[in-house]
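Participant: Take a look at what TrEMBL says about it:
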{"type": "TRANSMEM", "residues": "A:34-55", "note": "transmembrane segment"}
{"type": "TRANSMEM", "residues": "A:85-106", "note": "transmembrane segment"}
{"type": "TRANSMEM", "residues": "A:140-168", "note": "transmembrane segment"}
{"type": "TRANSMEM", "residues": "A:174-197", "note": "transmembrane segment"}
{"type": "TRANSMEM", "residues": "A:204-226", "note": "transmembrane segment"}
{"type": "TRANSMEM", "residues": "A:255-273", "note": "transmembrane segment"}
Amino acid sequence: MASRVMPAATAATETPFFLRSVYLKSLRDHRHGLIGWSVGVGLLVLTESLIWPSFKDMPDIEKLFEQYPEYMQRLFDVSAMTSGLGFINAELFTLLLPALFLVYAIGRGARLVAGEEEDGTLDVLLVTPLSSTRILLEKAFALVTSVLALGVALYAVTLACSAAIGMGIGPVDAFSGCLSMVLLGSEFGLVALGVGAATGRKSLAVAIPAALAVAAYVLYVAGLMVESVDPWQHLSPMEQALASGPLGGGLPLDFLWLALGCVLVTLASLPTLDRRDIAAPG
Amino acid sequence: MEAAVRTSGLRKAFRATVALQGLDLVVPTGAVFGYLGPNGAGKTTTIRLMTGLLRPTSGTAEVLGLDVATHPDEVQRRVGYLPGRFVAYPDLTGAEYLRYLAALRGGVDWSWVEQLAERFDLDLGRRIGTLSHGNRQKVGLVQAFMHRPDLLVLDEPTTGLDPIMQAEFLTLVGEVSRAGATVFLSSHILSEVEAVADTVAILRAGVLVRTATIPELRAQVVRRWDVTFTDEVPVEVLRACAQVAEVRVRDRTAHLVLAGSAEALLRAVAPYGVENIETHEADLTEVFLGYYRHEEEEPWPVA
């Protein structure tokens, strides 16, 4: 043994910071993904921003948008596309970025419990003094923190691009857009975490919130197209997140519904692990 | 003394199958308890019920005086658990993984962790993903022992360990048992627990077949003796012995099957001029095979 060269890890005399709690360990597990996604989202915003100067110089652009059906004008807020803010909002914040935040959050959320259970690492984690409620709560906080970190990255890159290219997106405008992405992603990511905790199956933990997100989007779009659906669309988290803009839409009260949704979904998932059998890894 | 584990009418049914049918089991505090049975007998189900990972369909499991169903966290604090298929985070080193669990458990003496790793010849600096199956199992053993739990619940702990490490493991079990801990270990190989267990329970198809101490089992061992006489074999004398189950004679040698004590036999044959006694050491496995053969199932793995 003495002859063996021990890497530095063994020499560590105390627990590494990111291994001190389930919360920190879960964040640690997200670090590579978070960096990759931040870079990806950053490049996306940058690319779109670089298109803006040539787009704005296109002649008769407003006439083109006037030909769009009315619901599409509202859906993508195209009338505002003549400004940099409006362009970035329509191109990114109304569909692409929400979808990316949903994919990120649902993927992480599904892995947090169902992924650990399928891998087989959950067994030992549960047979500790920590209650399953505490473990779920720490993982839920880690998920929201992780989505928030992606939101912060988006905020920074949006402001930087706007400043560099002169798109006129102010700090408050960017804040409302990014907060909307974070809240929307968190809510569906927490659904994924909850479904994973309730079923132990990663496939369901991805499929159910993804289906719900699509349903929420359909409800939102249908509300814009069909008058009779209109009152119902306000139930859709998509409507709550996107209807105000979301870039430059201020801080609508609808965001509170999203936050409330996050809290309710988390509370609903807390008792699920204690109520069922944990699958043996096989 | 209070039992470390007491189950009453513990039953577990999964959708299509009944894994455990009304188990009544008592594991005395401080015992090393071998839990034996063929694959699929319900050993892992019992263990997962004891650790709170499964909920019983009916009946109760009391661990360290607490009902697992109502006090899972308190039980889980005082239990060291090695799953049947232990999996750790492959991207962490052994040291990082154990530090993490130590942080979650609290109150772990790190020098004891290092001692355990040393004893198992485990390099804590390597990523778990790069370790061999046997070395990963050692990480699992260290995490089960590291917080000096009152009860160790080990599901097939020696899987993947080489004979030297198996011996080291058994030594460790003996040590913690003498220090007051209770050790509950499952196995499908009898010889593995024979050396270390005080008591064994045999499970078959979700039913407890037998609980016995090792000496009790030994008393039931069927041994084969070849007794050679100076003159003719006193067949009638041999047959008269209650413990002699079978006699076959060949020349001056009697081939005997002996069940129980040899005392009466030795006394009976002494006047007849015994030239030589050859004994064939019987394996406790044969006793178990007896229990096991009642039903046509997969053959008992003999190690």
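Note that Cβ sites are derived from N, Cα and C of the backbone, with glycine treated the same way.
Automated prediction, rather than curation, is the source of TrEMBL annotations.
A quick note: this is a predicted structure, and the numbers were derived from the prediction, not measured.
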Participant: At a threshold of under 8 Å on Cβ distances, which of A:34-55, A:85-106, A:174-197, A:255-273 pairs most often with the transmembrane segment (A:204-226)?
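Facilitator: Maximum Cβ contact count belongs to A:174-197.
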Participant: By Cβ distance under 8 Å, which residues at least 6 away from the ends of the transmembrane segment (A:85-106) in the same chain are close to it?
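Facilitator: Residues 33, 37, 40-41, 44-45, 48-49, 51-52, 55-56, 75-79, 143, 146-147, 150-151, 154, 158, 162, 167-169, 173, 177, 180-182, 184-186, 188-189, 191-192, 205-206, 209-210, 213, 238, 241-242, 245-248.
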Participant: Below 8 angstroms Cβ to Cβ, which residues of this chain, lying six or more residues outside the transmembrane segment (A:34-55), approach it?
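Facilitator: Beyond its ends, the transmembrane segment (A:34-55) has Cβ neighbours at 61, 84, 87-88, 91-92, 96-97, 100, 104, 146, 149-150, 153-154, 157-158, 161-162, 164-165, 167.
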